[in-house]
Amino acid sequence: MMEKIRLILLSSRPISWVNTAYPFGLAYLLNAGEIDWLFWLGIVFFLIPYNIAMYGINDVFDYESDIRNPRKGGVEGAVLPKSSHSTLLWASAISTIPFLVILFIFGTWMSSLWLTISVLAVIAYSAPKLRFKERPFIDALTSSTHFTSPALIGATITGTSPSAAMWIALGSFFLWGMASQILGAVQDVNADREANLSSIATVIGARGAIRLSVVLYLLAAVLVTTLPNPAWIIGIAILTYVFDAARFWNITDASCEQANRSWKVFLWLNYFVGAVITILLIAIHQI
């Protein structure tokens, strides 16, 4: 049993849990202005069960590609034996359904709409016949929805409407999510082609994809600087993603795996930028 739990948690990418829980918690706190039981319920859901489902479904149906991908098998993606696939799918359902029921019951119609979109995006990204991850450009839009929707749910679940400034911030976050998905796809161009999988990177090539990623990161940084001071500090923090990806501006399909160096930096940049945002918000609140 403990081994099964270990494999399930490994598949859920613990290093990336913060990418979904933090947006929900931050948006909830900014809009509701308080911490209550619903806040903690959402944090727990988007921290672990949500990621078990999102990455678990992906690992099951991407198995043939993952076994050909040298970077899979650690923090960047588990390669679970086929004997564990049914367990992983059951865990995805069992761990999420109770939370979803409560979030639907105690949420608003708007948060329920975003929650429905979020769940559908998680399933559609990897599930057979839908496979949005194999539909170029739709793959980036869907992946970004995985990370932006928790923030939208957090911002609307208490009945308070997001401000214009929050919508701008969410727009910047959505651009960041698209850029990040494209960056991740660059390193997998050859592995995906060998497995006959399509992605935005396999269609426009590694170089085109990395350059698009850089542009989207830059747009995200510019958009957030349109917010009142001191939002420009966050814009500067986002530029670290631009510099990280731009190092591989002239990458080729043959050398696409080199982009993994950028991806490894990206994983830790999330913590750095998250810390900058947190410290900035605390400072503003104290002022």
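Each position is counted from 1, following the chain as shown.
Keep in mind that glycine also has a Cβ here, set from the backbone N, Cα and C atoms.
The transmembrane segment annotation in Swiss-Prot covers 15-35 (among others). Beyond the ends of the transmembrane segment (15-35), by six or more residues, the same chain brings 42-43, 46-48, 50-51, 54-55, 75, 146-148, 150-158, 160, 162, 166, 170, 173, 267, 270-271, 274, 277, 281 to within a C-beta distance below 8 angstroms of the stretch.
Within the chain, the transmembrane segment (37-57) has long-range Cβ neighbours (under 8 A, six or more residues past its boundaries) at 8-9, 11-13, 16-18, 20-21, 23-25, 28-29, 77-78, 88-89, 91-93, 95-96, 99-100, 102-103, 106, 122-123, 125-127, 146, 150, 153-154, 157-158. Annotated transmembrane segment per Swiss-Prot: 37-57 (among others), in sequence order, evidence recorded as sequence analysis.
The annotation transmembrane segment is assigned in Swiss-Prot to 97-117 (among others) on the grounds of sequence analysis. Within the chain, the transmembrane segment (97-117) has long-range Cβ neighbours (under 8 A, six or more residues past its boundaries) at 38, 41-42, 44-45, 49, 145, 149, 152-153, 156-159.
The transmembrane segment feature in Swiss-Prot is assigned to 137-157 (among others); the stated evidence is sequence analysis.
The transmembrane segment annotation in Swiss-Prot covers 166-186 (among others) and rests on sequence analysis. Sequence-distant neighbours of the transmembrane segment (166-186) (same chain, 6+ residues past either end, Cβ-Cβ under 8 Å): 23, 27, 30-31, 139-141, 143-148, 151-152, 155, 192, 199-202, 206, 209-210, 212-217, 219-221, 223-224, 226-227, 238, 241, 245, 248, 251, 256, 259, 262-263, 266.
Distant neighbours of the transmembrane segment (218-238): 165, 168-169, 171-173, 175-176, 179, 272-273, 276-277, 280, 284; these residues of the same chain sit at least 6 beyond its ends, with a Cβ under 8 Å from one of its Cβ atoms. Positions annotated as transmembrane segment by Swiss-Prot: 218-238 (among others).
The transmembrane segment feature in Swiss-Prot is assigned to 265-285 (among others).
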